[in-house]
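Pulled from Swiss-Prot:
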| type | residues | note |
| --- | --- | --- |
| BINDING | 71, 74 | Na(+) binding site |
| TRANSMEM | 3-23 | transmembrane segment |
| TRANSMEM | 32-52 | transmembrane segment |
| TRANSMEM | 59-79 | transmembrane segment |
| TRANSMEM | 90-110 | transmembrane segment |
């Protein structure tokens, strides 16, 4: 069952990444890859914490979403290739900006994802009834 969930969610994540490339692709800067990786950092931190704590989501579904959808949506390999291509084309400023935005931005997005999940989880604890 795990393979089915990971496969289905992986297909959806790959299609969403492809759509982002169509929407944001082109130009000298790999903005589509940066966007999917930053969004993926936020989603993984938020969804895995929130779904694991709040709802009765099965481990199979969590793996499908985390490993399948977010794993296929994000791409470290494209980040690496994009960085090397920027360096080889002499676009050092773009390359350094891309690496810094990816790593620092990724950490910030994880922090925001966890903060939002914590806020929503704590809000539910304060309700009466």
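Every residue number used here counts from 1 along the chain in the order it is shown.
Including glycine, each Cβ sits where the backbone N, Cα and C put it.
Through the fold, the transmembrane segment (32-52) approaches residues 16-17, 20-21, 23-25, 61-62, 65-66, 70, 73-76, 78-79, 82, 98, 101-102, 105-107, 109-114, 116-118, 120-121 of its own chain, all at least 6 residues removed from its boundaries and within a Cβ separation under 8 Å. If one looks beyond the transmembrane segment (3-23) by at least 6 residues along the same chain, the residues whose Cβ comes under 8 Å of a Cβ in the stretch are 32-33, 35-36, 60-61, 63-65, 67-75. Most Cβ neighbours within 10 Å, among the binding-site residues 71, 74: 74 holds that distinction in the structure as shown.
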